[in-house]
Structures are given as structure tokens and as C-alpha cells.
Amino acid sequence: MQLTNRAKKIDKSEMTLAERMYLPAIAGGMAITLKHFFKKKPTINYPEQKRYLGPVFRGHHILKKDEEGRERCTACGLCAVACPAEAISMVAAERKEGEEHKYREEKYAAVYEINMLRCIFCGFCEEACPKQAIYLRHDEFVPVFMNRDEVIYGKDKLVEDMNHRYLREGWK
Amino acid sequence: MKVTIDNITVEVEPGTTILQAARKIGPEIAPPAMCYYEPLKASGGKCRACLVKVTAGSEKDPRPMPKLVPSCITQVQDGMVVENTINQQVLDTRKGIVEFLLINHPLDCPICDQAGECHLQDFAFEHGMQQTRYEEERRTFEKTDLGPNIQLHMTRCILCYRCVFTADQITDGRVHGVLNRGDHAEISTYLEKAIDNDFSGNVIDVCPVGALTDKTYRFKNRVWFTKPVDAHCDCDKCKGDVTLWYRGDEVIRVTARKNQWGEVTAFICNKCRFERKKTSDWVIEGPTKVARHSVISANKYGANKIVPEFARRLAASQYKDVKEGRNLEQLSIQQLPEERFKQLVAPAGESAVAGIRSIQNWADDK
């Protein structure tokens, strides 16, 4: 009784001499190999070439500045309290007179550190931030480190460079 | 006197207010209070956060009161029936009150030192809307110093008058009050004169928002990263019972102890608050109990760790006594000596140990 149409009839007839010497199979295999010579290569040369990771990839952290180049972070500590890995720590300081062009609010983060060994790139800090200050870049990885001293990223590595601003689709 | 609040009847003394009666029942029933402060005489009736519906005035006259009444200054009558959390009108009004209180509030919580222990934050979180409808310009003030240790951010003030009553009643010789009227009203010291009273620092503790803040603590740390510890000292001016707020080994702030309702009952002097900032100045009593829902307990504070009842029972049922002659160094938690096991499983004290003993007996019977 036939239950499905998926059953295949097997050809059990005697093989010819050519077939027994695998000649058609070898020719078929060679043809497939030859076809691949003319196909586009899927491989990329990684460090020189980089693949687009997508708009929601969570990579290197960045502390954004606003349009006038003032730091947005006010050291409110919500990223640190949201962080499940306890990777973020900060020390707040009060903005002095004459520093209005550097910091947007009257309080700013004098020290802002992320321990990249602890960070699990979950993006909770980005979600918690009430000032749109911290983001995880979609276009850049945290590079490999060779030394434990390189693991803790301070403000020197995190704050946005105004000459190479980080922009995302949909922000413009 | 019998009074029914949210279908729960409670027996109270004559002269009690509705708010106090509700607090007697419990924190779930108690209306929020932004301006009422039990230890301060004549406080209350300003913020309207505690409005409730009285559906029956008293036994003799069971007509409902026509308008919502402020529960902090309305005294109960025998047979009064009050609706707080079960009345939709009350909840809607409270939403409106939050909007009114936030009209001129700057919403600079990421900067404000009070964030995390701010009553307005809690109130808005529990009763408010998520968005503002206010589009006009908010009133702003320059921040001023009241003496060397207290900073006044008038922009954040909600005019609850608590600090004024404190200055009036705790300190003698008042130099601090409310100037102007209506929208222009502001807390001020006349001619910005310094408050030099020994107890002036208490205005920081009574302030429900971040309008009056401790300058020695300014921007030191967020409240949820600090660890509160109860301590006391011998002080000739005050009782000396305080809460120390630690960052690591460093005392970064000293405040008076607050009760369940966020009220200070024993005010502390300025010397304790601003000058005694070393551990050696204090006798530590132990970690402050912090409510589990408070953001302060988000700092993974050891004192708040809850050992669930089922885990205790499981541990007790699986407990095996240490037999003589075993290699003690390789013991796991279940095989610890009994005293050590008791410490681990039941830090709560004797009653819990007795509980475990009874469970153990029960497990043995089985």
C-alpha cells in the first residue's frame, strides 16, 4: 500500500562496464568542480575586508557627544546598575564654570570604565541610558587583547571622536 | 472608634487622622504622602497626594463627603468608610496630582543626588503617567547655598513646607521660610543668611525631593551603589543614631535613620552629619534593612539576600551529620558541622533553627 509519494524507485539493473569503472561519476564530479571556478567566492580576507554585521550588531561601546561636541553622559549610574556582568564603573564630578562646552549637564563622568573581560555585550546599558550617551557600535568589534592591562577601557577609548562621528541608520 | 478603609476595619483612638489609621493597617493601604511628616507638627495638607474618598462620613451621618478629602489632616469619625486604592476617582485624581507636582519639576533625576530615595520619584512611578503634557517653560532658579553644607535647588522644590516646619520646630531662631506667593513662591533664607543652627542639616532629610541636598555628598555616588549601615555614637547634642552610607571603606554620607514611611524620628546634629565621616567615629550596629523593592537593594547588598523557604527546607531535609574520622577538608555544604550549617542556612536566628530542627524531625519520621 502506498502511503506517501516520497518513496523512490531504486534502479537495481546491472551496471554497464563504463559505470562499473566510475567514468560518468568522475566526469560529473569534475564538472561540478569546474563550475565552481567561475562562481563568485564567498570567502573574504578578514582583517583587510570586513563584512557588514547588520544594523543591530552590538560591538564596541561608544560614549556619544551631542552636536556641539559636549559629552552626553551625566554619570547617573543606570548603565552600571543595569549591567548584569557588573562591568561598568564610574566616578562623577561637577562641571566647573567654563566647561560648558565640554559637558552637557552640570554633572559628568570624570572616570568611566568598562571591563571588557566582564562585558557580555547584552546592550542593557544602551537600553538603560536616559541621556542617549552610551551605545554599542554596530560597525566595530572590541579588538583582541594580548595583555590584561588593555582590558579596562577608559574614557580615552570610549568617548566619540568628533572627526569620525558614529551614526546609525535612522538617526539622521 | 471604628473606621473602615478599603473594606478593612481598624480600631483607632479619637483624633487620629485617616492617614494614620491607614498606616496602622499597612503600607498597601496607606495613601502616599509628599508633604505630611508625622514628627513635624502642623505639616500636611499641602501636596494633595493623599486625597481619599469618604463614602460614609460617620455612623450618625452616613452621607458621603462631597469632595475628596486630604487624609493627612482629616480626622476619623466613628463608623467612617474610606476608599483609597479601590476608588477609581481617587486614582485618577492622584494621576492629576502627579502631573501638577511635576509641572515645574525639572526631571533631572540622572543628575540629582536624591534619585533612588526620592519620594516624588516613587509617587510618580506608582501613580503617574509616563508622558508629560506640559509644553510651557518651567520655572527655574539659580541654585543657592544655605550655609556651607546645604545646597538649595529651588527648581526641584515642590513646596511641601517640611523644611520650613523643621526650621520652625527643631531649630530655634528661624532664618528660613517661604517667600512670595503662588507660582512665585520659593524657599529661601532672608538675604541668603546662613543657617548656623546645630540641627539645620535635618532639612536635607525631611526634603522629599532633591531640593535640599548635602553638599559634602554632592555627586559623590549614586544611592544604589552605596551600602547603608546603622551606627551610633555618643553625642552630647543629639541621640546619635544614624545611617552611614559607605562606598567601599569610606563613609560618604551620614543621615538620620528613617522609618518605614521615610520619616526621621530622631533628628541628628550637624556635627554628626557633616563632620563625623570616619568609621572610627562610630559604633557599627549592622546593615540597614532595605526594602526588597527599593533600588538600593539593587546593589547586591548582602543584608537583603533572601534565602527562600523551600531552599531552607530542601537543605534541612538533605542535611547529613558529620561522622567522626572523615576528611573535614573535603566536606561540601551539606556535610558541614552542624553549627556552621546553622550559620549558613539560618542567619535569621534561633526561631529559624528551631524551624529547621522540626523539619528535620519531620524528615526523619518519614
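Glycine too: its Cβ is placed from the backbone N, Cα and C atoms.
What TrEMBL lists as [4Fe-4S] cluster 1 binding site is A:C73, A:C76, A:C79, A:C129. The number of other CB atoms found within 10 A of the CB of A:C79 ([4Fe-4S] cluster 1 binding site), across every protein chain shown, is 24. Under the three-state DSSP scheme, A:C79 ([4Fe-4S] cluster 1 binding site) falls in the helix class.
TrEMBL lists A:C83, A:C119, A:C122, A:C125 with the feature [4Fe-4S] cluster 2 binding site. In this structure, A:C125 ([4Fe-4S] cluster 2 binding site) is part of a helix by DSSP.
As annotated by TrEMBL, domain '4Fe-4S ferredoxin-type' applies to A:64-93 (among others). Across the domain '4Fe-4S ferredoxin-type' (A:64-93), the model assigns an average pLDDT of 92.
Per TrEMBL, the feature domain '4Fe-4S ferredoxin-type' maps to A:110-139 (among others).
A Cβ within 8 Å of the Cβ centre of A:C83, A:C119, A:C122, A:C125, the residues given for [4Fe-4S] cluster 2, is found for these other residues of the same chain: A:C79, A:A82, A:P84, A:A85, A:A87, A:I88, A:I114, A:I120, A:F121, A:G123, A:F124. With a threshold of 8 Å between Cβ atoms, the binding-site residues A:C73, A:C76, A:C83, A:C119 that neighbour chain B are A:C76.
In sequence order, A:L63, A:Y108, A:A109, A:Y112, A:K131, A:A133, A:I134 are the residues near A:C73 ([4Fe-4S] cluster 1 binding site), counting only same-chain partners six or more apart with C-beta under 8 A. Neighbour density at the Cβ, taken as the number of other Cβ atoms within 10 Å, is lowest among the binding-site residues A:C76, A:C83, A:C119, A:C122, A:C125 for A:C122.
Taking all protein chains in view, 21 other C-beta atoms sit within 10 angstroms of the C-beta of A:C129 ([4Fe-4S] cluster 1 binding site).
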